[in-house]
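Novice: Quick paste of what TrEMBL says about this protein:
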type     : residues : note
DOMAIN   : 212-331  : domain 'GGDEF'
TRANSMEM : 21-39    : transmembrane segment
TRANSMEM : 51-70    : transmembrane segment
TRANSMEM : 77-96    : transmembrane segment
TRANSMEM : 102-121  : transmembrane segment
TRANSMEM : 128-147  : transmembrane segment
TRANSMEM : 153-176  : transmembrane segment
Amino acid sequence: MSELQRLRITGSSSLFRRHNAHSLYLSSAGLVFSLTFLIDLLLHRYVNNQWLLWALLGVSLVATACAFVLGARVSKAAGLVAAFLLVAALSYYMSLPDDPQSVVSSVQALPLVAFYVGWFVRPGMDYVLMALFGAAFVVALSSNPLVGPEGAVGVSVAVHGMLSFFFCFSAGAYLWRRAERRAVIDPLTGAINRQRLHDRIEHHLRLRKLSSALSLVVIDFDDFKRLNDLEGHAAGDAALRTEVALWRSGVRRQDEVARIGGDEFVLLLPRTSVAEAQVIVARLRKAAKYRWSWGIAESRPDDNATSLLARADAELYAQKRTRKGHDHGTA
């Protein structure tokens, strides 16, 4: 590999380490909007309020440069401010009754805004913003005679623009959900990860005054290292996937399975007492393909996620030390 190639690879890696998806999208979208405004200034001879286009071009260039320089440090609040400014500008140009070119170019810019809202605005708030932005665009277009049946632009342009608007929002929302899932799901077994488990435990503990007890079952595979050593890591991975699939099919819809270590798992059982948890464990043990040990803890008034997990974990290892595969107790 030549020195020039190494420098290119190093520079590219440095760029992507400095940025995340949010800052890269803002930089790219800002560049697209800057080019759009510049093209309108150069080629659109009869544009209204040319000073506004110059102002938008200046703001867009500055925002693009800031997003590129700041990288991952650029906040989503800044992106939302930019989205509101763009929506206001696009709505204005869509409403111009004597400028069909500005109407069409503004409609074509809708997907970039919608994609941003879907991808980078948290669920719940994204629908609120889409409703606000969509309403602004509908009002601007419906009040413009150019978009009417006899207008120079026509109804079809508005319909196609709104369809693209909602399609790009859906695509962005899908990327949000996929990223969220990757952040909380163990890729091998499909169980939730430790951080997600802590969040879910805290959620249920906050609600426990309104419902019955919460129980945790901490599970650890017996002789898992021996299985890996004798049959290989692929066999160990298959064992984990098989058992987790059996647990998920054997518990209730509100119950959750979490992976908190290599071969250590937790069953989160809302509205479940120790006695009920024992019944669930007995049923899962009967269907098990591999041997595992367990410990059960039921929530107390002063518990948090860490203390509840610690008690279940202590019960598991106390029983493993003293009873070696016999019936396990509870805490």
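Glycine is treated like the rest: Cβ placed from N, Cα and C.
Help me picture these features in the structure, burial and contacts included.
Specialist: Remark: secondary structure over the domain 'GGDEF' (212-331) totals 59 helix, 25 strand, 36 coil, with classes taken from DSSP.
Outside the transmembrane segment (21-39) by six or more residues, the chain places 53, 56-57, 60-61, 63-64, 67-68, 70-74, 76, 78-79, 82, 86, 105, 109, 112, 115-116, 119-120, 179 with a CB less than 8 A from a CB of the stretch.
Among residues of the same chain six or more beyond the transmembrane segment (77-96), those with a C-beta under 8 A of the stretch's C-beta atoms are 22, 26, 30, 33, 48, 52, 56, 59, 63, 66-67, 102-103, 105-107, 109-110, 113, 116-117, 120-121, 129, 133, 136-137, 139-141, 143-144, 146.
Only residues 6 or more beyond the boundaries of the transmembrane segment (153-176), in the same chain, are considered here, and those with a CB under 8 A from a CB of the stretch are 100, 103-104, 107-108, 110-120, 122-123, 126, 130, 134, 137-138, 141, 144, 146-147.
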